[in-house]
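In what follows, a structure is listed as structure tokens, so that the remarks can point back to it.
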Amino acid sequence: MTNIRKTHPLMKIINNAFIDLPAPSNISSWWNFGSLLGICLILQILTGLFLAMHYTSDTTTAFSSVTHICRDVNYGWIIRYMHANGASMFFICLFLHVGRGLYYGSYAFLETWNVGVILLFATMATAFMGYVLPWGQMSFWGATVITNLLSAIPYIGTDLVEWIWGGFSVDKATLTRFFAFHFILPFIIAALAMVHLLFLHETGSNNPTGISSDADKIPFHPYYTIKDILGALLLILALMLLVLFAPDLLGDPDNYTPANPLNTPPHIKPEWYFLFAYAILRSIPNKLGGVLALALSILILVLVPLLHTSKQRSMMFRPISQCMFWILVADLLTLTWIGGQPVEHPYIIIGQLASIMYFLLILVLMPMASTIENNLLKW
């Protein structure tokens, strides 16, 4: 008799995706982050669900409901900090996952890559709205500043902002709708992740060499299941170290002050994982220009497959491109640092140079490096 996992309509899908899936024999630990992102998402949905049971999305009670969760709910503090720091782990995995895609040329799978970019946008939107919910000072002012950017859109800008706010300022209506969206979006992300996986399994995984691995495939289970379990254990270890020893390390102290529309914090800044984009936004003196640069800093990922000029797929055997890639990483770290600094000399000019460098690297220098490598190899 044929095994049930190969015949049952539902089990067959799971079997073909996680058990009998033919996988390249040489994929490194950089290929672990997809499964880690899945674990992060499940963890965020579960902790978020338990937080939502005690949270109230009203301006008068939101802050105190979060305090109540931390003080009075059984293990509420650990659920809250796992959710807050889980978001940080989520973005660390996201950035490494995207970086892996850039380095090894995984963006050649166009559908998978583009769904991934949509996933990145959806996750950023979810994280932004989640940051508003505790209704601390940084929640309120972050929401005010970021939503206000839409007013830079010509003609419809002001109406659009007031429509999003549900009034003439960030208030009760804004908080309620942000909570509703923050609750629904992770499920949309989960659905998109399935589409992401569907497209990936149409082609099969890429591998570090960027060469077809059809001649040498191994079953996903047990080889990569055990590898993913190791990755998951390390992820949970890192998360719990953060939660239990330094839960507020990545947060902003201003968010422990209840939201006050009459008192602006001296430095308004988003969570650390948005700082690179925030630095690009701030480095352009024009409001509309800044908003466009902010959007393009992520949207530029869609252009990456079109800018691929190399005859090779992966950067594994391309030292000049490798050099450009690591300069890009250093540039993004610089932007992250600048995003958290006040707007004063010398930070302004460093931010502007790093922003120019970011776009220059992706649009000009990396394609140029690839062309030079092709010529050096007489291709």
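Glycine is no exception: its Cβ is also placed from the backbone N, Cα and C atoms.
Copied over from Swiss-Prot:
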BINDING   H83, H182  heme b b562 binding site
BINDING   H97, H196  heme b b566 binding site
BINDING   H201  ubiquinone binding site
TRANSMEM  33-53  transmembrane segment
TRANSMEM  77-98  transmembrane segment
TRANSMEM  113-133  transmembrane segment
TRANSMEM  178-198  transmembrane segment
TRANSMEM  226-246  transmembrane segment
TRANSMEM  288-308  transmembrane segment
TRANSMEM  320-340  transmembrane segment
TRANSMEM  347-367  transmembrane segment
> Apart from its near flanks, which chain residues at least 6 from the ends of the transmembrane segment (77-98) lie with a Cβ under 8 angstroms of it?
Replying inline: 30, 33-34, 36-37, 40-41, 43-44, 47-48, 50-51, 66, 69-71, 116, 120, 123, 127, 130, 235, 238-239, 242-244, 247, 250-251, 271-273, 301
> For the transmembrane segment (226-246), what are the same-chain contacts with Cβ under 8 Å, counting residues 6+ beyond its ends?
Replying inline: 29, 32-33, 35-36, 39-40, 43, 78, 81-82, 85-86, 88-89, 93
>> Below 8 angstroms Cβ to Cβ, which residues of this chain, lying six or more residues outside the transmembrane segment (178-198), approach it?
In response: 17, 37-38, 41, 44-45, 48, 52, 55, 57, 112, 115-116, 118-119, 122-123, 125-126, 129-130, 132-133, 143
> With pairs 6 or more apart in sequence, are the transmembrane segment (347-367) and the transmembrane segment (33-53) linked by at least 3 Cβ pairs under 8 Å?
Replying inline: no
>> Among the binding-site residues H83, H182, H201, which residue has the fewest other Cβ atoms within 10 Å of its own Cβ?
In response: H201
> CB neighbours of H196 (heme b b566 binding site) within 10 A?
Replying inline: 21
>> Give the nonlocal contacts of the transmembrane segment (288-308) in its own chain as ranges (CB under 8 Å, at least six residues past its ends).
In response: 98, 102, 105, 107-108, 110, 113-114, 117, 120-121, 124, 149-150, 152-154, 276-278, 280-282, 355, 358-359, 362-363, 366-367, 370
> If you skip the near sequence neighbours and keep only those at least six away, which residues in the chain come within under 8 angstroms of H97 (heme b b566 binding site), Cβ to Cβ?
Replying inline: F33, G34, L37, G116
> What Cα-Cα separation, expressed in whole Å, is found between H196 (heme b b566 binding site) and H182 (heme b b562 binding site)?
Replying inline: 21
